[in-house]
């Protein structure tokens with residue numbers, strides 16, 4: 001079955017930034033435009049200036065005990081995410097032989113996961129999923145595929161649990177980046193890539209590396225983690241989510257692309273169209289993190305109906 005997505009109405013803007021007058025206004029990189037929301041401006045989701053710890057979002061330089069752990073996480077990630085490692089993980093987890101369960105069962109399982117790479121929140125993951133989904137649902141009530149995408153975008157983090165192989169957090173969470181080409185300096189804590197074997201490999205350390213310009217992100221190997229795993233689960237289990245939804249799942253942690261604007265030379269035209277939706281999604285993914293809990297039982301029936309619409313009852317994981 002093919003699902004068509006109504007293209008958003010676009011307004012011309014020139015940069016991805018917060019407006020000084022309205023912190024909820026989202027502006028997009030490279031002249032991309034913002035889809036008009038279905039709610040009035042006064043009712044729309046406002047991006048807060050501070051995270052749950054009272055600090056700026058994605059501030060990796062402020063000194064704190066949590067930040068020390070985040071930096072150590074990125075040191076390990078940057079050293080160990082190599083082409084060979086990614087190939088090994090893709091082969092292992094591509095078997096989808098870890099478990100059979102429903103999407104909602106996986107949501108509940110995610111309660112056991114706390115993301116050590118996240119400087120903004122230390123809450124159970126299901127709350128972040130519901131916070132993102134409910135914020136999008138309010139502003140874009142007619143885009144049900146986007147609501148569901150928000151709900152499931154982080155489900156791949158279950159691969160850090162013992163029943164899924166118990167991967168270390170550096171192989172599950174954090175910002176993602178291409179392997180097989182040069183590590184762009186926009187990557188958080190870039191200095192640690194010097195200890196990555198691929199950094200010194202002449203086949204991999206040029207701008208294009210093993211890829212060609214405009215080859216399309218689908219042909220690019222990303223650092224292994226929950227993004228690629230959940231994309232694989234959705235694709236191989238026959239999800240009918242539209243291309244934009246699957247793109248969001250696969251690249252929502254690719255901050256060097258969707259926030260810094262790097263690696264665009266690897267994109268094709270379809271990637272560029274889908275990136276517009278990812279820019280929309282990122283506002284809610286990043287800024288909806290808070291200590292205010294969503295009533296799970298109250299919203300569960302709605303999301304169960306979306307799961308039934310876009311996914312089989314049980315999936316191979």
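Cβ atoms here come from the backbone N, Cα and C positions, even for glycine.
Marked as substrate binding site by Swiss-Prot: 58, 115, 116, 117, 157, 174, 175, 252, 253. According to DSSP, residue 116 (substrate binding site) sits in a coil region rather than a helix or strand. Residue 116 (substrate binding site) has a Cβ environment of 19 other Cβ atoms inside 10 Å.
For 128, 153, 154, 285, the entry in Swiss-Prot reads Fe cation 1 binding site. Residue 153 (Fe cation 1 binding site) falls outside any helix or strand according to DSSP and counts as coil. Around the Cβ of residue 153 (Fe cation 1 binding site), the number of neighbouring Cβ atoms within 10 Å comes to 25.
Look at Swiss-Prot and you will find 154, 226, 252 tagged as Fe cation 2 binding site. Applying an 8 A CB threshold to same-chain residues 6+ apart, the list for residue 154 (Fe cation 1 binding site) reads 110, 125, 128, 129, 226, 230.
When the Cα atoms are compared, residue 116 (substrate binding site) and residue 252 (Fe cation 2 binding site) turn out to be 17 Å apart. Fewest Cβ neighbours within 10 Å among the binding-site residues 128, 226: that distinction goes to 128. Note on proximity: of the binding-site residues 153, 252, 285, the one nearest residue 175 (substrate binding site) is 252, by Cα distance.
Within 8 Å of the centroid defined by the CB atoms of 154, 226, 252, the record's Fe cation 2 site, lie the Cβ atoms of 153, 155, 156, 157, 173, 225, 227, 230, 249, 253, excluding the listed residues themselves. Here the binding-site residues are 157, 252, and the one with the most other Cβ atoms within 10 Å of its Cβ is 157. In the three-state DSSP reading, residue 252 (Fe cation 2 binding site) counts as coil.
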